Every structure is written in structure tokens, then in C-alpha cells.
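S.K.: Here you go, one structure.
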Amino acid sequence: MTQGYQGYQGQQDYQGQQGYQGRQGFAAAGPVSAVSPAEQAAPAADTGTGSATAPRVPSGRDRYLDLLRSIALVRVVVYHLFGWAWLSVLFPSMGVMFALAGSLMARSLKRPALSVIKSRVRRLLPPLWAFSAVALALMFAGGWNPVKDPDNGGTWGLVKLIDYIIPIGAPPYPWHVGSKSGLLEDTWAVQAAGPLWYLRAYLWFVVASPLLLWAFRKAPWPTLLAPLGLTAIVGTGLVTIPGETGNAVTDFAVYGGCWVLGFAHHEGVLARIPRYVSVSCSALVMAFGLWWASGHLGPDGWDLNDIPLAQAAWSFGFVVILLQYSPSWQELPGRLARWDKLVTLSNNRAVTIYLWHNLLIMATVPIIDQAYNLPFMESDRAAAALDSTYMLWMFFLVWPLIGLAILAFGWIEDIAAKRAPRLWPNGVRKAGGRRRG
Amino acid sequence: MATRTSRQGAASGALAGSRRRRLPMRLLLPLLVLIALMAMLMLRGYVHSEIMADHRIQPEAATDKVPEKILDGGPVIDTRSGRTTSMSVPDKRLVLTFDDGPDPTWTPKVLDVLKKHHAHAVFFVTGTMTSRYPDLVKRMVDEGHEVGLHTFNHPDLSFQSKGRIDWELSQNQLAITGAAGVRTSLFRPPYSSFADAMDDKSWPVTEYIGTRGYITVVNNTDSEDWKKPGVDEIIRRATPHDGKGAIVLMHDSGGDRHQTVQALDKFLPELQAQGYQFQNLTEALGAPSALTPVTGADLWKGKAWIFLVQASDDITDVLVVGLAVIGALVISRFVLMLLLSGIHARRVRRKGFSWGPPVTEPVSVLVPAYNEAKCIENTVRSLTASEHPIEIIVVDDGSTDGTARIVEAMGLPNVRVVRQMNAGKPAALNRGLANSSYDLIVMMDGDTVFEPATVRELVQPFGDPRVGAVAGNAKVGNRDSLIGAWQHIEYVMGFNLDRRMYDVLRCMPTIPGAVGAFRRSALERVGGMSDDTLAEDTDITMALHRDGWRVVYAENARAWTEAPETVQQLWSQRYRWSYGTMQAIWKHRRALVEKGPSGRFGRVGLPLVSLFMVVAPLLAPLIDVFLLYGVVFGPTQKTIVAWLGVLAIQAICAAYAFRLDRERMTHLISLPLQQILYRQLMYVVLLQSWITALTGGRLRWQKLRRTGVVEAPGGPVPRQRTHDGDRRPVG
């Protein structure tokens, strides 16, 4: 039946096949797409062939993957804002982001490994530096002295500040800075620097990718499933590795499966497995994840981010299903088309959005607090109304703030990718209107 | 989206449009029914303390914020409108208080004893119990007792927010109003004891409840009857010293209370002999009654609440019975299938088994085709490779895509093309029948692929002169997608379990349109195919049964088909099947009362088919409703284990069917997902058919979009294609 099956796929996914070829063409010819997020850099950007060309409308990008990345980003922001544990089940953002990055990494690794790693690191660091500079300045201004910090004091604390420059570990931050009555909550540093673990994990994955890809080609199944096995060991308390190394290893294990799934997607391995097998198996893996979570609920209940093995299993299964149905869109279809510009923008500025969003969420608080001083807000009822809708206002306010951050710092991503800096890369060309890819 | 075409050709566009507008209804109605069921279940779970119950109890706390005079004062605490006073019951008066009721067993007995000794008491009832047993609360009020609030579902209020406290009180009050038509101003907090046990956690609650207009009544003589210490001990603890007045705490609910009842029966006359009066609280205090009649909207709200709770209780009882019925049906069906299909397989696979003398006479193969341009060539080519002598008659039912020309262009010697104006599949089959030359007729679809041996295997049962029709074994070709794998499982089970079972029971309801064989004489006796129903294959099969013919299953007559690839196509196909089956059952309903073979089929086959194909799937949603409820509100573990148990039974049956058909077991891995996604789709379709049947809706012919990828293993053509919606896995 295999022949029939493949023939059938070809026929039904006619549209998709075109898209796929378009992508291949893009990868080979290597024009710079206007929508390469630095983080998941398009390979062509480093060949130098098109780095000087003006911003262009997306031509060869798989808009389905772009859409997934945008959803993942929005989910992360909403989750960090409201703290709803169920969001981590509804859409495992981090797993999806690592899978997409893994897929692009596998594509890039057609070129010499060292140059790929170098280019990835080069794209990652400058945006981080900008963020680190602002965050550290604020922390120091708040009176934080890394040498005297009770949690990671001494010279070591000073050394660990390097993580703000090269994130080989998650950087240190004060648990309390400033005063409770200050403009920002005294835990703002925790909130702001918290998400930086992702960059550390990403860096590790990038560095390990040549080896992982080699292993994947030699032995696909063991390489795909090894991270899950490793999570079962280091993520369940069976073996505990102390300190930041432990965190790094655990994160590597938890999301390693997704990263390698990205490889599998790119290499076409996923497409070769009959759909019923992959979907059914991933449903079983996900069911295991939920079952495990039910017995190991964390401080926030069903928040998978606190339950490594559940997170690994759930994300793995979820990503398999998302990638299995990967339709390879050249353009967002139907009603999704109206989100085109936002998807393009968020993909172009993924690193900026991710780095800054938590700090910006904190920054909404002092801004909204100003509302209490408004004349018509003096009654208790008005204040109570604001109290009860506070989160909502934060939600509405954080997006414009993210927009401002994109304007202020987003261009650094372009510089890091050796491109002409752009202010607002949402795929709309200033002159000549839109060109359909 | 699926391309739907209509057999009636011309009108298809307009009809498709009108269909689209009506589309949500088919989801809306079943969905509403399910939501209503779920809401009723939740209401019941809520008044049975399965939902929102909170069993935490506050440990003892400091008492420095409780006013001294409260700690030292009496058990009736009044904190209304800024007051902080407490009262005690005068000497020689006892106020019996009963908490946590009403209880259907013990409260009537307590009331009987009180009545017997002309005593009044106070019952602090919970909202949940009041809602469930409103008649008892009415009786309390009617017999001169007072009722007080004891919250809705008995949480420790010091853990609760003000909103929840308000809600506990008002919901409790609502239930009392609904039950007895009164409001009460008495309140006793759960887990309370004496006034001196007030602490910094419970005092603010007491103060707050005062602001809501309630008097808090604790006690100063605890019988501790809930510990079941023995009748005498209860009496000893309940008796106050030196003729003092007291509020006595007892319980009429929460377990076996026969000691309480017996103690009362002794205790009441004893103390009455000592000069004690047993009164309700306001009588003892000489105050106006705590109960005020309620009229108007509040009364009706209360009555509506009680009605809803009673209804939910009743409905849940019915649902539980339904669940038991469906459970028994499902299990017994599986057992029956395993048993009978095993018997069937043994019978037909026995060495030297034969239906009769080998059938070698030539066969007419009818291929009705409507716009089968993509598939017809493969179909016809697969037939020309037949090992059995055949003539092929392709009946073109007014195709607009040149189906007939394609067949003619093939220039095959034993293939004839008959054209007709578009008149539907039954008419096409009848025309083919009229044009055929032989006595054995094979019918297939224009998009199905036969193996070389299929026709021969299919007609061998005609060696037995009693056999009037034979069902073949339709197999899903495109089984690598998820929806394909699900249908593959369904087909293998349907053909290897259901059909074998029906064969043994002699009531097979359907010869699949994709692969079936008929004796011409049998067809002619029942008047050929009819377009009375949407499932002409079921219709004709039932007619043959009624005429006394045997209908059997030929397991080796395999035909390869392409199953629908989208939910939309699948929906149309199954809707037609299930509605057609209902029409056919209705059409042949007279068989129930007839004599002879018709009556036999009517009294054995029809009820069986109706039960398994029309009634049982209707109850199937109950499984999911209870599953969902059990998983969310508990007992989660037991529910999931039970569900896995049913899944295991299904897996065993499926594995057996796969073994009988010598299929690879790998597809069974999609069985768990099938049970939580596919099965629901099937019963929603059936529900929709019911709605159509009951509202007298019409249904048009829908044809599936074809992709054409199925090939028969070992077939003559490397790439064959098939397809349509007329093979039926389940009989």
C-alpha cells in the first residue's frame, strides 16, 4: 500500500508540494527573506549573497511554521501575564519554539558546522546585550550588588554576570531589588531575567546540533527518544544535578526531544511514518504526560513547566501532531490571512519580543497605577473596578509596550544578521506595494 | 472541502447551498442535548456534595479578638446591626437541635418520636439535604419545629470568602423556601460547638453573618451522639445539671442514628417527668417565631430550585439505568460476537467444507456508475482479471464526465455499457439486471477493485440452493491516515465479527453495495431493487430474508475500497447509511407480525438490528457524559480505570477480528483515539438521523470526492483506484 499512499499524498497535497518546492528553491538560491527571525536564522542570510537586498515580502517561508511561532510567542506573553497554568497544556510554546528552531538548524547544517554555529551565536548575542545592559543598569540602580547577593554572592557571583553577555548559563539576578513600595515590585528582576533560561538552552542546542544531527542520521529513533529517557532520569528526582548545571541539563533533556523532532521534520522522517501511527503514538505519549502530571502536581497545579517529565512528554506529542499535519503554506490561508502582517512582524522580532516581554509586563504596573490618580477614579467603586480588571489592562497595555520595544531595540536583530536595520518589518513594502510570493 | 455531487445532478448547486445554511443544526441539537445532560449531572453532583465540597476544618486559633462576654455568654449569639449580645435558654427548658439533616431514613423517625412526646425542636438543615428531601423540611415546619440554616454544603466558613458565605446562606435559604415556603433567621455554623469555643477565625464569620440578619445558635450541651456511644451515654451527656435550661446538640443525619432515636424516646419522657419542656428556640426564649412565610417571586424561585434538583435526581437515575443498559448491551454484544464469529470461522474453515457442488457457471457483474471517470477503468480492469467466467455490464447512470466513453474506449470483449438517463442507483441496478444474461448476479460499485478470486469466492455459497444472496468482504485501502485507520478497524470488525454473527443468526441486514452477489430468481421474487430508502442494499437484503432466502458471508471475497478522507465526506456517507437503515427497518416493520420466514426475521433479526444499530448508539453518548463527569468531578481514577477496561474489551475483540482477517495488528494502535474522537462522530450522525426521521426531513444523495489510490494486493493493475460511499462495514 505504500506506493498508493505516497501517490495519494502527492495528489492531495498538491498545493503543499508546491510550497515545499518553493521552500527548497529558497534555501538553495538563498535570497534574504524579509522575515528571518534572527533566532531561527534562515540559512541564506549567512551566505552573504543577499544580505544587502532591500526588505522583501516573504517568498519562501513556510507560513504554517511562522504562524506556530507567533502563536507560541503570544501564548508565552499571556501565560507570563496571567499565570494560567492550563495555558501550558493548551499550547506547549517552548516545545514548539525549540522544534521550529531545530528544524531550521537542520536545514542550515548543510553548510560547515562551525560557521553555522558562529552565525547563530552572532545573531543571538547583540539583542541579548541590549537587554542585559538595560536590565543590569536597572538592577544596579536598584541597589543590587552581585558580590554581596546572599543567593549567589562572592566573586563567583561576579563571574556569573558573564551569562548576561554569553548565556552559557542562566544569569544571576537578585530575588529582591528596590523596595516593595517602589515603582516596580521588588521581584521585578526575577520576572525580567527569568525568561533568559531559554537563550541558554537555545545556545546549548545550537552548539550540540552538529553532533545531534549526526547521531540522528545514524540512529534516528534512539536520538529522538533519548531526551525523553534522560528527562525520566534527571527530571523526576531520580538523579538530581545541583545548581545551574542541573537546570541546564534538565532543560536540555526536556526540550531535546522537540529539537530533534525539528530535525526529523526537516529530514522528512516524520512524513514517512504513516499518519495514524505518529498521531496515535503521540496521543499515548501525551496521555502518559498528563497521567504523570496528575501524580506530580507542582506548586501551581497543572503547570507543566514545573513538571519536567510531563512537559517533555506533552510537548513531544503535541509537536509531533503539529508537524505531522504541517501543510507547508506559502501564504496564510482564508481567514488567517488577515494576521499576515502580525505574523511576519513577530517572526522578524521573535528574539526582541521574547527578551523584553516580561520586563514590559512589569512595566505596565506603574503605568496603570497612574490611573488611580485620575480625578474620576477617586470613588471606592471606581478603584475597585480598576482593581478587579487590573490584569486586563495589563494585557491591553503590554502589546503597545512590546511595539515600542520593537521600535527601540528590534533593529539590533537586523544588525546582528548583517542586514540593513528596519524599524517595523511586518512584510509591507514601503514602495511598490505588496508582491505576492 | 469535499466536493459533493448529487445523483439528481441539476439541482445540486442550490441544494448544496441550502444544506450549508442548515449545517449548524446537526451539531447544535445533539450538543444542546449533551449540555443539558451534563448540566443535570452537575446539578445532581452539586447537591450530593461531589462538586464544590470543601472538607477542610480550621484548627483552633487564638481567642483574643473575641469579646469576653461572648466567650462567657449563652449559646444564642446576636450580632445583628452592631449588637454583640448572647442569650441562654431559661431553666427547665430544653431546646433540642438536630444538625446536618434532613436524612431520608432517620429524620422521619426523629420526627415521629418528637411527635409522640409532643416535643418541638430546631433542625439546622443543609441546603444540599433540603434540596434532596424537601418533604421532610416541610413536615418539620408543619409539625411546629423550627428550621435553621446550616449552610448549603457544610464547609468550614472561616476558610471561605464573603462571597461564598453569602452564597452558602442564600442557597440554603432558597432550598428551605422552596421546600417549606418559609424563611428562617436562625443559623448554626458547621463544625461549631459551644460559645466559648469561638476564636479569632470563627468570630469574624459570626459577626459577618449577624450583618446579614441571622442569629447564630451554637449549643451548650453536646450529646456527642455521632460517636454512637450508646443510648445511656447519649442521655447522660444530653441531660443538663440542676434543672438548667440548655441547647442540646444532636444529629439526625450523617450515618446510623438509631441510638439517637432510641435515646430520644427514653430521654423525652424522663425529663418531661422532671418538669422539662421541650420547645423550639423562640418558644423557649419567648420571642417571635424565627420563621416567616415567603410569598411571590422568592417562593417561586425556591420551588423552581427544588423542582430542578428533583428533576436532576430523577434524570440521573434514568441515566444510570441507561448507562447500565448500554453497558450490558455493549458487553453482551461483544461476547455474542466473539462466540458466534468463532463458530462461523470454524464452520467455514473446516477441512472439506463446501456450500454444495462447486459453482462454475458464468456470472453477470453489474457496475452502476455515476461520474466515475477517475475510477472506472481500474474497476473494469480488475474485473477482466477475474478467475471466474463473467460478463461485465457497466450501467452509466447519466454521467456527465464521460464515464461510459472511457469504458467503451477500453475495447474489452466481455464488457458491455448500458446508458440511462440519471435515475439513481437502484434504477441502474435494475436496468443492469434486465440486460444481464446469467442467473448469478454480482453487484459492485464503480470505484471498487476486485481481486482475481473475488467473484469466484463470492458465488461459491450458491452451491447451496437455499442461499439467495452473499455478502463479500470490503476492505479499506487508504488506511494510513488517521481517519482511514479508524475506518479500517471499523470495517475489519464489522465484516469479521458483526457479519459472521449475523450470518450465524441468519439475519444479516445488509449486503454491501461494494461487493455482493444475488440469485436472479431471488431478486425477481422480491421485485428487484427499490428506491424507497436511501439504503437500497439494506432494503433488498431485508426483503430477501422475508422471502425466506438465506443470506451468507463469504470471507475470502475481498473488494478494495477507498474510505472517505475527510470528516465532511464521512459524515455524509454515514448519515445516509444510518438514515437509510432506519427507513429500511420501518419499511419492513410488518415482518414483526407476519408468519413464516418473514415473521422469523421480523421477530429475531429486526429487533436485533434495531437494538444494535439504532437504539444502542443512541445511548452511547451516556458513556462519554459519565466519563467526562467522572474525570472532572471524581472519582477520576476509578472512572479512567473503568474506561480502560471497556477499551481493553474492545481491543480484544478488534484483535480477534484482525486475526480472523489475517490483518496486521499495527492499526490497532489508533483504537484508543478512535474511542474518544471517532465513536462520538458516529453517534452524533445517528442522532442527526433520528432528528431527521422524527422531523420528516429529506436527504439527498451525496457522493464522495474521489482520490483514487487504492490498489488490491496482487491485483492485475499496478495502480488501481476505487471509491464511493456504498460499502458497509457493519451489517
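Each Cβ is built from the backbone N, Cα and C atoms, and glycine gets one as well.
Positions annotated as domain 'Acyltransferase 3' by TrEMBL: A:63-412. According to TrEMBL, the feature transmembrane segment maps to A:83-104, A:124-144, A:197-216, A:223-241, A:247-264, A:276-293, A:313-332, A:353-372, A:392-412.
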S.K.: Test the contact criterion for the transmembrane segment (A:124-144) and the transmembrane segment (A:83-104): 3 or more CB pairs under 8 Å, pairs 6 or more apart in sequence, then answer yes or no.
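M.R.: Contact between the transmembrane segment (A:83-104) and the transmembrane segment (A:124-144): absent, because fewer than 3 Cβ pairs are under 8 Å.
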S.K.: When you look at the transmembrane segment (A:276-293) alongside the transmembrane segment (A:313-332), do they share 3+ Cβ pairs under 8 Å, ignoring any pair fewer than 6 residues apart in sequence?
M.R.: yes
S.K.: If we call contact 3 or more Cβ pairs under 8 Å (sequence gap 6 or more), are the transmembrane segment (A:247-264) and the transmembrane segment (A:83-104) touching?
M.R.: yes
S.K.: By a Cβ-Cβ criterion of under 8 Å, what residues six or more beyond either terminus of the transmembrane segment (A:83-104) are in contact with it?
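M.R.: Contacts with the transmembrane segment (A:83-104): 39-43, 65, 68-69, 71-73, 75-76, 198, 201-202, 205, 209, 255, 257-263, 265-266, 290, 300-305, 311, 314-316, 318-319, 322-323.
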